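Some features that TrEMBL has for this protein:
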- 37-398: domain 'Cation/H+ exchanger transmembrane' (DOMAIN)
- 20-40: transmembrane segment (TRANSMEM)
- 52-72: transmembrane segment (TRANSMEM)
- 84-100: transmembrane segment (TRANSMEM)
- 112-134: transmembrane segment (TRANSMEM)
- 140-163: transmembrane segment (TRANSMEM)
- 175-199: transmembrane segment (TRANSMEM)
- 211-230: transmembrane segment (TRANSMEM)
- 283-308: transmembrane segment (TRANSMEM)
- 320-342: transmembrane segment (TRANSMEM)
- 382-406: transmembrane segment (TRANSMEM)
Amino acid sequence: MGFAITATADNSYIRPQGLFVGVFFGGTMIYTILLILILGQVSKKTAKMMHVPALLLLIILGMTIGPFGLNWIHPSIQMLSSEIRGFALIIILLRAGFGLDRQNLAQVGRPAFLLSFVPGVFEAGTVMILSMHFLNFSFIQGGVLGFILAAVSPAVVVPMMVYLEKNRIGTQKKIPTLILAGASVDDIVAISIFSVFLGFSSTGWISPLQIMLRLPMMIVIGFISGVMLGRVLSAYGKNSKITVFLMLMLAFCLQKSEKYLPIASLLGVMVSAATLRERNQSLAVFLSNAMDSLWVVAEIFLFVLVGAQVDFKAAQSSGIIGVVIIVCALLVRMVGVFVSLINTDLTLKERIFVAISYIPKATVQAAIGGTPLALGLPNGEVILAISVLAILITTPLGAIGMNLTAKPLLE
């Protein structure tokens, strides 16, 4: 196979030539999409045979064929990378929202509420301090990195909790529901505070008082918007592809509204799905199945494109320090989990499992890890590199840890 170099404004796009030209490749955006889908499916099947999370091989695939590797991804796809990753995040949050049940949430109560923010704040605070000390980050840059890393991965945690629910492992004390509820809201809190820090990045300074004043307002507006959207769709939506398209478009518009309004838009996206589930069960099941089908494709693009963004030089320069920051922050995060579970009836073994389930990071880091770089924030390439490093370290650690310890610790 040979290669042709197509000139672009930014760099040279290497277009594979030879045996498969006109079938898989061809230098256009369509052929790049086919390339990503085919190699992505191969990577997922390989990961299944190797018993490792598929997202790891998808990220490695992205690093290999991206602009810092073989450079096989068409520039048009790279330009749309942020939008595609944001769309994938919407699908994730809708799936999480359809999985929430208000009655179960009420039963897990206080510990789920504490798990939704205490471990994340503990971890983010640790990352902020260490990055300011070791990487010479500003307070805002440290906050941006801290709350990118603070979010647990629904792509890893949700399937495991569904498995535990179906096999009735740990369900007597509603541990899967506790973890699912806490982890889902944990993502929203982390993303919302990340958005606050990012919003103040142009001013160069943000005070804790500004965060405390702005965050509640964002959460309230996001919650109300989500309830309204869910009610409208539950009343007028039908079991059709048009409703699937409409929900995705409205959720996408809600996400984009945070550019103009102080709104926790992603909280609104998840609340809209939870509200719809409560008011129209049959439609919720239909839409949930549709989101599961869309995720098969969205997952490939999300993790391949985040891998494609990784600058190897930046990753090497922050490698050892990045690992130290990630490991120290994880240990402090576990302390936050134990603090959240004080005065509960969970045994020590069960608390350890909850702490393990809060280790994996992947989806949110993949979706927003490249945002600071795209916006031109100083040290954006380092933030992205550490975000990817966190995925590569914590995803197998958390996934394998949950698989190995679920039955011993919960039965």
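Cβ coordinates are placed from backbone N, Cα and C, and glycine is handled just like the others.
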Does the chain bring the transmembrane segment (84-100) near the transmembrane segment (283-308), so that three or more CB pairs sit under 8 Å (pairs 6 or more apart in sequence)?
yes
Using a Cβ cut-off under 8 Å, which residues of the same chain at least 6 positions beyond either end of the transmembrane segment (175-199) come close to it?
93, 96-97, 99-101, 104-105, 107-108, 111-117, 119-120, 124, 140, 143-144, 147-148, 150-152, 154, 157-158, 161-162, 164-165, 169, 206, 210-211, 214-215, 218-219, 222, 258, 264, 266-267, 270, 340, 346, 350, 353-354, 357-358, 363-364, 368, 371-372, 375, 377, 410
What parts of the chain pack near the transmembrane segment (140-163), using Cβ distances under 8 Å and only residues at least 6 beyond its ends?
53, 55, 92-93, 95-96, 99, 120-121, 123-129, 131-132, 169, 176-177, 179-180, 183-184, 186-187, 190-191, 193-194, 197-198, 200-201, 204-206, 299, 326, 329, 333, 357-365, 368-369, 372, 377-379, 383, 386-387, 390, 394-395, 398-399, 402-403, 406
Cβ-Cβ under 8 Å with the transmembrane segment (112-134): same-chain residues at least 6 beyond its ends:
105, 141-143, 145-147, 149-152, 177-179, 181-186, 188-190, 193, 321, 324-325, 328-330, 332-337, 339-341, 354, 358
